[in-house]
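Novice: One structure follows; several queries about it will come next.
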Amino acid sequence: MVKLDIHTLAHHLKQERLYVNSEKQLIQRLNADVLKTAEKLYRTAWIAKQQRINLDRLIITSAEASPAECCQHAKILEDTQFVDGYKQLGFQETAYGEFLSRLRENPRLIASSLVAGEKLNQENTQSVIYTVFTSLYGNCIMQEDESYLLQVLRYLIEFELKESDNPRRLLRRGTCAFSILFKLFSEGLFSAKLFLTATLHEPIMQLLVEDEDHLETDPNKLIERFSPSQQEKLFGEKGSDRFRQKVQEMVESNEAKLVALVNKFIGYLKQNTYCFPHSLRWIVSQMYKTLSCVDRLEVGEVRAMCTDLLLACFICPAVVNPEQYGIISDAPINEVARFNLMQVGRLLQQLAMTGSEEGDPRTKSSLGKFDKSCVAAFLDVVIGGRAVETPPLSSVNLLEGLSRTVVYITYSQLITLVNFMKSVMSGDQLREDRMALDNLLANLPPAKPGKSSSLEMTPYNTPQLSPATTPANKKNRLPIATRSRSRTNMLMDLHMDHEGSSQETIQEVQPEEVLVISLGTGPQLTPGMMSENEVLNMQLSDGGQGDVPVDENKLHGKPDKTLRFSLCSDNLEGISEGPSNRSNSVSSLDLEGESVSELGAGPSGSNGVEALQLLEHEQATTQDNLDDKLRKFEIRDMMGLTDDRDISETVSETWSTDVLGSDFDPNIDEDRLQEIAGAAAENMLGSLLCLPGSGSVLLDPCTGSTISETTSEAWSVEVLPSDSEAPDLKQEERLQELESCSGLGSTSDDTDVREVSSRPSTPGLSVVSGISATSEDIPNKIEDLRSECSSDFGGKDSVTSPDMDEITHGAHQLTSPPSQSESLLAMFDPLSSHEGASAVVRPKVHYARPSHPPPDPPILEGAVGGNEARLPNFGSHVLTPAEMEAFKQRHSYPERLVRSRSSDIVSSVRRPMSDPSWNRRPGNEERELPPAAAIGATSLVAAPHSSSSSPSKDSSRGETEERKDSDDEKSDRNRPWWRKRFVSAMPKAPIPFRKKEKQEKDKDDLGPDRFSTLTDDPSPRLSAQAQVAEDILDKYRNAIKRTSPSDGAMANYESTGDNHDRDLSSKLLYHSDKEVMGDGESAHDSPRDEALQNISADDLPDSASQAAHPQDSAFSYRDAKKKLRLALCSADSVAFPVLTHSTRNGLPDHTDPEDNEIVCFLKVQIAEAINLQDKNLMAQLQETMRCVCRFDNRTCRKLLASIAEDYRKRAPYIAYLTRCRQGLQTTQAHLERLLQRVLRDKEVANRYFTTVCVRLLLESKEKKIREFIQDFQKLTAADDKTAQVEDFLQFLYGAMAQDVIWQNASEEQLQDAQLAIERSVMNRIFKLAFYPNQDGDILRDQVLHEHIQRLSKVVTANHRALQIPEVYLREAPWPSAQSEIRTISAYKTPRDKVQCILRMCSTIMNLLSLANEDSVPGADDFVPVLVFVLIKANPPCLLSTVQYISSFYASCLSGEESYWWMQFTAAVEFIKTIDDRK
């Protein structure tokens, strides 16, 4: 057999450790970054929304807030401080948090309270509406909040609009709760901004480019716009026919322009219907559906209301004030443009209403020129949405893992909200929601929460976030999860919910602190921070590997006692092979911790010690009970277990020598189990597999009490899990359950169940499930099997049990990737579902062949073969419940372990064995599998067979072995479970070697009996054990007979000689399965304890069993494996000569420790540690060496094989880390994008706020502005004009600085204000400054425009006059650059025009760089393209633009601006010289 290279293994383990450490550090950093970003996002969003509300107040300039107060409030908002709620509310924070949480989750109550407040004329209803949006629903950043708010709006339609006498008037007034909330929601909805920008940006920019005239369609108003002299010049003499005719011509011309403009808007509206926000569409369709049912409302009126909501409340405000929505950012909108936009908005609304109401007769003529259904069709699309009950989510939820756990609310808002609710309660408007509100208010403290005085004195600049802000479980990220992300997975509790500081309090000079009040949700698990064991366990449970260790509570992070268990080493277990796995798992990657003691400490922490003590105590008591029972039935004698019997004698080379009385003979089962385990071991002798059975048993311990006792605090704590559970009750219950369970299918693996959830085991779990995942004994084989069926037998099991169901629903369910294993699982399903063995048989085949060669230790084929044979035993023997129980306890392995094993077993079973001795070997191999596994296999494989198969065959074949085993059992019986040898698992040599082995062992070991020697206490114990086992077996036999059809099927299974073997194995499997089931529970039941004690020596490592106390043997293997993994993953490989291994009688010689490869490796490492004076490492290595020295070479090879197998099985953990990292990176990127959006919104609101303030300032200076314009007209020299403009701007800047409104402005605001003043002033004098020579300039521009138009017809990108390099022609004709320069007319100040030119040049350079990434484009490449772009775009007034900028901005040009300006003027000059005729 191939030898496992310890150096390679160490290398891989070290790489794994380094990778895992770095990934964990990165994940920790990412978690911190995500939290910081989320916190910043929520705080910024809270402030931004308050600024927007403040802006609305400024625009309305209501009596309550003067512009100066709004400005002061804006400044205060920027300095908002966020403080944990308890600092002001003290212990009452919890009550308020619960109140807010329950209120938030009751949209109906909120809606009815707001309506009731309006009916009662509560003056603070509006501020409460703001609080609901900004605080309770956190500005709807999270989809959960958005969904709640949509429900509130739906209830408001029902309670407010539906009940109103004139809902349309109520809606148009815009002061009802629905209107305010809808406005807040639609303004903040990002998808709404996207829709508005996509729809309106282009048409509005085109309108600004052509804004020369008011598009007035009312003749009377048209005339009023001109002074008398202008009227006469334009229309002729007033009152004449010519005058009226000219006026009519102008009106028609304006109408034609307006129709073209509006059609452009409608076209964009239709084109972008696809991106209309789903949530708004849902609200509109809900309104239509709800109000259509009202008898007094006609359909036309309902439709008109939907039109009002859609156009008057959503689209038209954005058309009229695009700057406020960020649709237009840098192009100022002058008076003419604003008027034209208002005309467009008015026409859109009228067009939407065509057919539903008679329009203004004056507009009929213009409306007649439109397609009647143009806007109505858009409305139909929106209303036509199916009115489903649940609100849609606005977009793909990239923040799935995030959830809000706090509310941001100021103290005054909180008090206002509570008082509002109390006043609503006292009023009589609530109807059926009264009770709900009463319950909510009942829990609030009667008095107002007091502000702590300290708060007022200390400003909290950096209030802490409440704990809620932590990324929570991203469990779905487990590699195993099929879903890339389940909602819970990423649960990141961002507590930052920006709740608003009360909008109304503007007078305060100190910023009002915003309280961060926790909603009371518990802290969640952080993505990527699950331990290795948890991840691996989770995979098992979700993957359906019989192992269902993690209960749903655990998945959700709820505390549960089962948690402790599953935490132990389960993780790895599940994933890693089996028993050994468990042990491995213990040391799981957490090894990182590098301190051994940390390894075990999972949630269970110190449970280990207590558990051990408990176990010992219980063991003692139960032992007595078992002894009593056994004595009653004289089981020992029946089993033929005599103290002196030498094992070697018992073993006969053939199975059939002894005739067993009947299948029901208790000893048969036990013996068989043992035999099988032994046989498996034999076959595997050579294999690296770790101790055959021992591994499993050990694992069991993890789950079960067995191990836990043995477990040392430092290394094995993890293993203890189930032990810590209260022993007595559980055991009793479980035993009862087992008894009541019928058949394999129905019996549930207690361990499994328990781990799955804290409830008592459910019969539904099939034994099989327990079996599969863990056998470490045959790592290779198993691995292969596992790879084939990673979920091992238990696959469906998990589904069957209720617990599993829960788990599957759990957000964290991980499903292992589909693999052959799934098919295997499917085959095994029947077991889980109680259907009986028959279905099970199919899978055998799969197990036979490993899916891929084992990476490390190869496994003997023999080990794999023989599955079939095994199973049958089961059947013929029909284990009684008692037997099963005993067996189970003997091997108590966690189901998980069993699972993987079973796969191994199954594989071994598969091979038919014709020759008894050959059969025997497979049996041994099987034995090597953890018995649990064997069991699992059996149950899985067993199919109904004729029950005729002769017990005698079985018995004869295995009797001798069985006898031997029974002796062992005997000795085992009296020992505390931890001392027992784990018989079934113990590997045995192939039969031919068996006797020799025995003899040698006898020589070497203390007692005649190999097992007894293992336990170190020979015979006396055997009899007690035998009795106990028999007793238990009997008990269960009867139960099985009574209850389990599947057992019957199994019994039938053994029909052939091969079956004999099968029977053994199946029995074995069954037992072990049972054991596994029992294992999870600590042995409290007396029978159970005894059974636990039955753990047989076979389960122990060979050398350990011979040399050490049984107690040590059971534990030492796992312990050694854990420590060895730690040593290997921290070692630097040092080469040393390959050792030769001498073998004696076909067995590795374990007498010469110096031959042990591991020991030699460790010695080198110790030498290095001494050399480096690394005391910690020295201590760890020496302790590891002490543990390893006890084992013989064969066991050491098994140890390495087991570690290698565990290494392979940890792949899902690596995948989990990778997915968590990717998920966190995605979340972080999305949060940053959200933050960008919020910051942009805030910037837009602040700029518009500044613009409104400037407008107010300029209105107060209107007289001065008129004087300035008159003076400007009189000037002729360009320099004088420039100087005059500069002087007047400086005058206005000074006036602004002295204005009370601007006292609190920041430097940035002042700069924005100066820019706004410049734009406003230049807008007023634009025509005078742009066309100083008036008509002469206009005509000159027209000539150039026509010249360029002709050029554009003949000039192409590859025209020889341009000489554009060929490499750049692929991006021609550079449309984005053309569109940039075409908008230059929309900008009125020379600065803005230069910026427009700069953007065009930058766009061209970007496109050129894109075309040729190898070189940077230079001026020779750039200028020809610029010329071509100008020819194709042909912007109006090119010459006047050049003159305007040169006159008013030339002195300000510098740097980049100056360079691009020079290129631009050169291109214009060049264009002038091109002759289009040539």
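A Cβ is built for glycine as well, from the same backbone N, Cα and C atoms used for every other residue.
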Novice: What residue among Ser423, Ser769, Ser1096, Ser1352 has an entry for phosphoserine in Swiss-Prot?
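Specialist: Matching Ser423, Ser769, Ser1096, Ser1352 against Swiss-Prot annotations yields Ser1096.
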Novice: Choose the correct range: of 353-381, 440-468, 701-729, 846-874, which one does Swiss-Prot annotate as region 'Disordered'? Give that range.
Specialist: 846-874
Novice: Suppose you had to name the range Swiss-Prot annotates as region 'Disordered'; which of 537-558, 1043-1064, 1065-1086 would you pick?
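Specialist: Of the candidate stretches, Swiss-Prot labels 1043-1064 as region 'Disordered'.
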Novice: Can you tell me which of these residues Swiss-Prot lists as phosphoserine: Ser227, Ser816?
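Specialist: Checking Swiss-Prot against Ser227, Ser816, the phosphoserine entry points to Ser227.
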Novice: Looking at Ser531, Ser902, Ser1260, Ser1376, which is the one Swiss-Prot tags with phosphoserine?
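Specialist: Of the listed residues, Swiss-Prot records phosphoserine for Ser902.
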Novice: May I have the DSSP-based helix, strand and coil counts for the residues of the domain 'VPS9' (1338-1478)?
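Specialist: Helix, strand and coil residues of the domain 'VPS9' (1338-1478) number 105 helix, 0 strand, 36 coil.
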Novice: By a simple count, how many Cβ atoms lie within 10 Å of the Cβ of Arg172 (site 'Arginine finger'), its own Cβ left out?
Specialist: 17
Novice: Averaged over the domain 'VPS9' (1338-1478), what pLDDT does the prediction give?
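Specialist: Computed over the domain 'VPS9' (1338-1478), the mean pLDDT is 86 on the 0 to 100 scale.
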Novice: Can you tell me how far the Cα of Ser227 (phosphoserine) sits from the Cα of Arg172 (site 'Arginine finger'), in Å?
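Specialist: Cα of Ser227 (phosphoserine) to Cα of Arg172 (site 'Arginine finger') measures 37 Å after rounding.
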Novice: Helix, strand or coil for Ser227 (phosphoserine)? Use DSSP.
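Specialist: In three-state terms, Ser227 (phosphoserine) counts as coil.
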Novice: With every protein chain in view, how many other Cβ atoms are within 10 Å of the Cβ of Ser227 (phosphoserine)?
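Specialist: By my count, 9.
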